[in-house]
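Enquirer: The structure under discussion is supplied below as structure tokens; questions concerning it will follow.
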Amino acid sequence: MNQEIMNLFNPTTPAQVFDQIRISIASPEKILSWSYGEIKKPETINYRTFKPERDGLFCARIFGPIKDYECLCGKYKRMKYKGIICEKCSVEVTLSRVRRERMGHIELAAPVAHIWFLKSLPSRIGLLLDMTLKDLERILYFEYYVVLEPGLTALKDRQLLSEDEYLKAQDEYGQDSFTAMIGAEAIRELLKGMDLEKLEASLRVEMQETDSDIKHKKLAKRLKIVEAFRHSGNKPEWMIMTVVPVIPPDLRPLVPLDGGRFATSDLNDLYRRVINRNNRLKRLMELRAPDIIIRNEKRMLQEAVDALFDNGRRGRVITGANKRPLKSLADMLKGKQGRFRQNLLGKRVDYSGRSVIVVGPELRLHQCGLPKKMALELFKPFIYSRLDAKGLSTTVKQAKKLVEKERPEVWDILDEVIREHPVLLNRAPTLHRLGIQAFEPVLIEGKAIQLHPLVCAAFNADFDGDQMAVHVPLSLEAQLEARVLMMSTNNILHPANGQPIIVPSQDIVLGLYYVSIMREGLPGEGKIFGDMAELEHALHAKVIHLHTKIKYRWQGMDETGKVSTRWIETTAGRVMLGNLLPKNPRISYEIINKLMTKREISGVIDQVYRHCGQKETVIFCDRIMALGFYNAFKAGISFGKDDMVVPHGKWKIVDTTRTLAKDFEQQYNDGLITHGEKYNKVVDAWSKATEEIAKAMMKEISATKKTASGADADINSIYMMAHSGARGSPAQMRQLAGMRGLMAKPSGEIIETPIISNFKEGLSVLEYFNSTHGARKGLADTALKTANSGYLTRRLVDVAQDCIITQDDCGTKLGIKMRAIVDAGTVVASLGSRILGRTACEDVRDSSGKVIIKRGTLMEESHLDAIHQGGVQEVKIRSALTCELVNGICGKCYGRDLARGTPVNHGEAVGVIAAQSIGEPGTQLTMRTFHIGGAAQLNEQSFVESNFDGKIVIRNKAIARNSEGHLIAMVRNMVVAIVDADGTERATHRIQYGSRLHVDEGDTVKRGQRIVEWDPYTRPLLTEVEGTIGFEDLVEGQSISETLDEATGIAKRVVIDWRSTRGGSDLRPAIVVKGKDGKVLKLARGGDARYMLSVDAILSVDIGAKVAPGDILARVSTESAKTRDITGGLPRVAELFEARRPKDAAIIAEIAGTIRFGRDYKNKRRISIEPMDKTDEPREYLIPKGKHIHLQDGDVVEKGDFIVEGNPAPHDILAVKGIEELAAYLVNEIQEVYRLQGVLINDKHIEVIVRQMLQKVEVTDQGDTDMISGEQVDKIEFDALNEKAKEEGKKIATGTPVLLGITKASLQTRSFFSAASFQETTRVLTEAAVNGKVDPLEGLKENVIVGRLIPAGTGASMAKIREVAMKRDKLILDEREKQAAVVSPAPEAELPALPPAE
């Protein structure tokens, strides 16, 4: 009885406790064990009584009562009859909730195939039986018989027979001499009769014997599925169903609408079809109907079951009454609207509201303004409870009334309730974790939420109508997490790069910039002030100006913490700013005693955060915000038309460029340059002109003008806005007052005629049209970009979601080397910036060999100076890529938590942070693919200047002096280095083939001196020997054509594709250099002086011409060598993460050796490499014709050199150079795209993602393990199996790492939940079921899906505590068992001492 009473108040059944979930194929017995009864009728509910029909789809006898504790006929009502089964209507008296849990079943009259195992590729049934899908369908859909048992006849096992052949065979051999069947029964018999163990053994033998690659792959696939069935305990015949489960009725409800109609779930329709056809089939079989009718009915039953499980996978989609496809069971799970993504991974929550946001400049950083109306609604339950506690109301109803009337005491209580109760603000789209932050609410009038201006950058919010959502954390734990982890004051640094994100912008920056200006010659210059009061007095009395240069007695703090005083030259404005700085010995006045631009302010905030901590930083930020706003208002900076100054020299520059463009046109007409070259040169000239005009304009605008009295005049307002970083950029100013410049077409090409006017002068009609042309594409791009960027983020999160910091140190000795990234001679990422916050993997030594940083040290800002001064060129650091933990990453390999500036904590979800950091700036990236030629990424570099003073050192030197007396680079791998006085290398430049050097080995250079230059638009072919020119196989009309440029009538000789001309297939066009005797000269490196020509080469020499080494024989315009598009922006990032092979992939030399040209095929050229290492095999490469090969016979290549230029395929880099090189390549390429947009992302984020892409190993030799060579195995699994083999003394397997794209890697994670909720749900679940996969619930997604705390953050520590508790429980239970075993009435043994808590 007591139990019953207890149940009254606690009707919930305890949740199942589990730590793994397994998925497998359900056997017919299993389905029957779930079922509470068979459904025999297709009826749902009675149209008059609205009660469910007996044995129908909603039957109360099978599924349970409709009302709580009430049977259908109403004989038994209420709790006291709980558990009784009514004798009249056979309904159990219980909770109606069981209708959500109880299942039914349908006994099928004929077996049917489960469509997922039949049609989901690869077809599992087909693989097991080794039959094609086409044949299977012919059997299943009753077209062909299949021979099961040929007996003594001439038929073969599993031979297909058509109706006629079957009858003929019966006539010929007699009815019982062989067995052949048709339909699902036949397949079921075949599957039932399989001996998997025997099959596995024979497949293994066959695999060892076969030589064919294709056959090996096919056998491996089959072997894998056979093993899967053997190990999972699934039986193959279960893929053919004899019983169909029916899901509980409340999960496919029938809802009455007003007007007496019903809305029903599509599943009911689908089940109805199955039941109808099944019943009809039963009746026909009882009636002994003709075979043809029964067969047709069986086929229809198969189709009905197919539609129920996966509508539209086979045949046409079954539609409902309104021509809409019915939603089958598979559709319930699939896609954005499916169960996984709609309800399990994304839920709507209560206690939330949303409203428009407005600016709240008087708020503190940790506050937000919450409208009273919203607060009242959100905190209602809290208010009710307080009213009750204070005795102001006795019932909830009374409290409700009080609140509705908005009585004064309610407002007082609301104040109490929200005090120190943080709320979460969220702005969609939440692209990174800073899109949700916690604030303390401040009650305000009005209906809009007030937001602090400094957090706008993190939310990416502005006040043009943005809305934000408010969520209330209810439980104490939630409030604690909100306050400790999510409070806006805790999110000062950006997780992507560790820079401050609480940075003033726009008017604040403008105000601070204005405050910090210093001008010469203003009243009161040179006056001396002792303290702030004097200064303010003087300002009010207008004795001095805010910008006057003055002397001030500054009180700072020295190293000991004592106050120190000194005189400084500054301005009144800067003193105001200095007074806001926290007092700290490491923070000097100098950091603000300069013109404060946005960048400078960010630097100051960073310094304050590093030296003074979070609290001081927050106070400082609030103060400078107030100062900035106030002074922006005081300054009265405006935007006037006269502030846009059109430079005086504009038209002169325009005219010169016009003449230049005319010259190029003329050169083209004279045939000196090609059309492509002319286009490039014209575009270049106009780019330069635009730049020059912009420079002239900036010079005029930024120049300090003098007033009549000789003082500095006010600075130009527009210049102030752009220079301070408040709004606008030099590029926009150029369009306002310089010239608009070149415009792009929607295709990305650049229009040759520029827009010469600017917006101040106004555009002509033609110019206006040209400018709208490209701008429209920009808008269309933006819309596409958002979707694409979101999808990239989703894939990244999915691949990295289970990357969590699980330990402090994995103890690995591995790491990756970091160097500064130098692009075209300028350092784009210094060594210091790349290793900050990472752990040293080895001792770092300076150039003298002294250890300056010990291994295992986390690099702080202080270490960077030591590295810089020590002249260290590269540092080996720990990386996520080389971390040896099985699950997750260790803290040492990850390094510093960028958002906190401290070593990373346990349980930090670094994978998700990495994904967000890379995905969030995705919307800022461009979408376009650049076509070469055009100012989009022009300013092609054509020279290198020295950035340092020093001496020249040349490595791999090969220089020739050509007939004009210039030094020419003759090899591709020559490097020029600049070494300073100490012998430290300051810069290295790789020199292009054919470049002209201005310096030689040992020369001294000054900073800014030109070292080399080259023609960026052509690739030359140079001779290495002196002699006379001869031609080989250059036949007019076959391999060479004198093309007359149609515009000019001037001839130039171009090599044409000789293989496509008649009789030209055997030609090998070349230029040879002959000696005095008329014979072809020999080269020093071996081989003849014969230079093969590629298609589109333009000859620069004639027969009989004299040449010197280094002279150009022919040139290939890079137009044709480089017509490939440069994929830029988002598509490039996606391409790299997906590890796609680029369209024109570079061909990489797998070994070091000598190039040899072999015999050519019809449309391929054969190149082989003779290895240096004689034990190696030579490698052959086939290269499509028309590809420009810049190597000659006899050239020496290193391992990893490019044989054909292009983007290398990441897989090739991994295969040839290994993981470290691959990581370096991917990190640099991805960073380059982001760098172009000025987005900073720390390398470690990209490394985390790349680590996830390298989780698989391809087995090359299976050894004595169960693995199959050629299959891809998880690294962890691979190591585990090898360990096992080692212990047993067997031969271990070998494998090579494989690079998977992020989509593929997500689908191949160990967790099937995670993969199924990502993409291709059916395929993933089918495969998981066949393999009987177990999901260990280790990642974040799986745990969210099953409704648990995620194993990261606070969830990780909870998991740890739970683990300890379970260990202790086990100890106690074991001890109890021991005591129970000792039956003797001895005194109870002491309980064991508990292990100390971890």
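Each residue's number is its place along the chain shown, starting with 1.
Keep in mind that glycine also has a Cβ here, set from the backbone N, Cα and C atoms.
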Enquirer: Among CYS803, CYS883, find me the residue Swiss-Prot lists at the same Zn(2+) 2 site as CYS810, CYS890, CYS893.
Expert: CYS883
Enquirer: Choose the correct range: of 145-166, 365-386, 1377-1398, which one does Swiss-Prot annotate as region 'Disordered'? Give that range.
Expert: 1377-1398
Enquirer: When a 10 Å sphere is centred on the Cβ of ASP466 (Mg(2+) binding site), how many other Cβ atoms does it contain?
Expert: 17
Enquirer: Please name which of the binding-site residues listed here, CYS71, CYS73, CYS86, ASP462, is nearest in space to CYS883 (Zn(2+) 2 binding site), Cα against Cα.
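Expert: The answer is ASP462.
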Enquirer: I'd like to confirm something. Which of the binding-site residues, ASP462, ASP466, CYS810, has a Cα closest to the Cα of CYS86 (Zn(2+) 1 binding site)?
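Expert: Nearest by Cα distance to CYS86 (Zn(2+) 1 binding site): ASP466.
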Enquirer: In sequence order, which same-chain residues at least six apart have a C-beta under 8 angstroms from CYS71 (Zn(2+) 1 binding site)?
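Expert: Listed in sequence order, they are ALA60, PRO65, LYS77, CYS86, LYS88, CYS89, VAL91, GLU92, VAL93.
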Enquirer: Spatially speaking, which of the binding-site residues CYS73, ASP462, ASP464, ASP466 is closest to CYS893 (Zn(2+) 2 binding site)? Use C-alpha to C-alpha, please.
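Expert: Going through CYS73, ASP462, ASP464, ASP466 one by one, the closest to CYS893 (Zn(2+) 2 binding site) is ASP462.
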Enquirer: Compared by Cα position, which of the binding-site residues ASP462, ASP464, ASP466, CYS810, CYS890 is the closest one to CYS73 (Zn(2+) 1 binding site)?
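Expert: Considering only the listed binding-site residues, the nearest one is ASP466.
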Enquirer: In which DSSP state, out of helix, strand and coil, do we find CYS89 (Zn(2+) 1 binding site)?
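Expert: For CYS89 (Zn(2+) 1 binding site) - judged by DSSP and reduced to three states - the answer is coil.
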Enquirer: For CYS893 (Zn(2+) 2 binding site), name the DSSP secondary structure in the helix/strand/coil scheme.
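Expert: CYS893 (Zn(2+) 2 binding site) sits in a helix per DSSP.
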Enquirer: How many whole Å apart are the CA atoms of CYS890 (Zn(2+) 2 binding site) and ASP466 (Mg(2+) binding site)?
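Expert: It is 40 Å, counting Cα to Cα.
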Enquirer: Cβ within 8 Å of the Zn(2+) 2 site centroid (CYS810, CYS883, CYS890, CYS893 excluded): which residues?
Expert: GLN807, ASP809, THR812, ARG878, ALA880, THR882, GLU884, LEU885, ILE889, GLY891, LYS892, TYR894
Enquirer: Could you name the residues, excluding ASP462, ASP464, ASP466, of the same chain that surround the Mg(2+) site, i.e. Cβ within 8 Å of the Cβ centre of those residues, in sequence order?
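Expert: Everything else in range on the chain: ILE357, ALA461, PHE463, GLY465.
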Enquirer: Mind checking which of CYS73, CYS86, CYS890, CYS893 has the fewest other CB atoms within 10 A of its CB? They're the binding-site residues.
Expert: CYS73
